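Q: So TrEMBL lists these for the protein:
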type	residues	note
ACT_SITE	GLU297	active site, proton donor/acceptor
DOMAIN	50-340	domain 'Peptidase M14'
SIGNAL	1-18	signal peptide
Amino acid sequence: MKKLIILILACTGPFCSAQLFNPQSKKITARYFPEMEAEINTPAFLKKRGFTNYTEMMSFLEPLVKQHQKNIRLSYIGKSQKGLSIPLLLISNPNSSAEKIRVWIQAGIHGNEPASTEGVLFLIGQLLENPEYRDLLDRVEIGIIPMANIDGSNKQLRPAANGLDLNRDQTKLMVPESVVLKQAFTDFNAQVALDFHEFRPYRRDYLQMGTFGLTNAYDVMFLYSGNLNVPEPLRKYTEHAFVERTETRLRKKGLTTHAYFTSSDYQGYTVFNQGSVNARSSATSYALANCISTLVEVRGIGLGRTSFKRRTMTTFLIALSYIKTAAENGDAIREVLAASSEQRKDDPAVVKSRRKVLRRPLDFIDLHTEKKTEETVILRDALQSTPLLGRPLPKAYILLPTQEKMAEKLRVLGVTVEMSDKTVEIPVETYRIREYYRAAQKYEGTHRQTVKTTLSPKTITLPEGSFIIYTDQKNIGLAVETLEPEASNSFVSFNLIPTGEGEELPVYRYNSNIKL
């Protein structure tokens with residue numbers, strides 16, 4: 001009974017983020033998640049309790065920067081809401097004349113996922129001080145944010161200081177840290193991107209499965225986008241060249257892997273959701289910027305320091321695998337990204353999509369027998385999405401001068417936004433709201449809007465100072481996701497452009513080949 005109470009407390013309520021209870025038995029840990037043999041010199045492993053805080057992280061990084069000035073540069077991209085400077089580290093060999101692949105690595109965007117930061121700190125030390133990895137820096141340039149959510153990490157809490165989730169903010173950009181993180185990513189112009197997380201293996205939904213509940217059996221899960229505005233060749237290359245290659249390397253180390261899934265309740269049934277299409281999260285946001293993108297989830301939330309060396313090493317090994325793959329396949333990566341960018345200009349804008357629903361076996365650990373078991377579940381697979389609502393891609397989207405804040409958000413996202421220098425009469429398509437719903441409760445700081453629109457041809461007088469977003473550009477997928485009003489992560493959806501039934505939106509579609 002005591003074990004069951006601890007399990008329930010660990011899976012529900014305010015104890016989740018505080019990690020006060022570890023529901024995992026020593027037998028399960030020893031059998032399936034034993035510690036790895038490794039010497040790790042990062043701050044958390046130099047103390048018996050707790051995890052690396054901001055001060056300890058900087059004390060670890062600053063000597064490395066001083067000792068290896070040739071290969072590493074430290075800068076600060078902005079401040080957290082509590083006033084702490086957010087570090088960005090650039091690592092490469094500046095003396096190498098080879099054309100380098102740019103690899104972006106981010107950790108700690110959720111403050112209660114400490115193995116992400118710890119593994120990335122270990123990576124930094126190894127890249128600089130281990131001769132085995134020195135040659136990699138000839139062929140890659142690595143940009144690293146080791147602790148994206150400093151305020152949350154210092155308190156081991158998921159959200160930023162204002163209570164919002166940084167990884168639900170990648171289109172609306174309402175949190176100060178989100179803006180500087182996204183601007184840094186845009187400026188770096190990554191070709192490969194990783195965002196490290198940890199996931200909760202003991203979930204309330206799992207208590208309803210098996211005799212006394214189940215727990216997730218995988219060491220790590222990979223989230224790569226199923227968003228249909230990411231060209232299929234880029235999605236497939238990410239999966240086959242990077243994810244599958246890394247999974248093979250991890251299995252040789254005794255680690256278990258799967259595509260990322262989570263669970264939810266749907267009309268009393270536990271349904272599993274695999275993959276993602278949401279531009280509000282990093283995996284899809286990065287991919288829409290024409291980038292090989294993966295969000296990595298390591299098994300860890302709610303476990304305290306149990307298997308912490310294993311979790312840290314898993315993070316390190318994945319980052320190292322992606323860096324090696326990038327270094328070894330520079331020409332192929334450049335070809336895929338160029339072809340993807342070109343194809344995107346001809347693909348339609350997918351505004352809404354539907355996941356394929358199927359029954360699929362997944363591995364779990366039975367908490368009663370403490371043995372692995374296979375359960376067949378209902379799976380909604382984003383990696384097999386099909387279009388539900390699509391539109392031809394216009395030659396340009398247009399925003400009225402009143403939408404200056406939206407134009408600035410687009411620029412932060414890496415979308416090129418031009419301004420009209422004269423008043424001109426032009427033919428456009430307008431969006432008029434024919435169905436409207438406003439959520440009563442706030443989601444991530446805003447009352448969301450759900451709309452359906454009617455497109456109609458119209459001739460308008462476009463004012464001087466209007467914003468023009470031509471669609472023949474690399475990051476146009478991000479404009480589609482933010483400007484098409486029915487899209488689930490659009491500016492309209494997040495109430496950044498308030499509207500109502502019968503209203504015409506201050507966003508237009510321009511279909512002429514004549515430049516404005």
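Every residue gets a Cβ built from N, Cα and C, even glycine.
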Q: Can you give me the same-chain residues 6 or more apart in sequence from GLU297 (active site, proton donor/acceptor) with a CB-CB distance under 8 Å?
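A: Within the chain, GLU297 (active site, proton donor/acceptor) has Cβ neighbours under 8 Å at HIS197, GLU198, PHE199, VAL220, MET221, PHE222, LEU223, TYR260.
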Q: Going by DSSP, give the three-state secondary structure for GLU297 (active site, proton donor/acceptor).
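A: In three-state terms, GLU297 (active site, proton donor/acceptor) counts as strand.
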Q: Do you know the mean pLDDT across the domain 'Peptidase M14' (50-340)?
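A: When the pLDDT values over the domain 'Peptidase M14' (50-340) are averaged, the result is 97.
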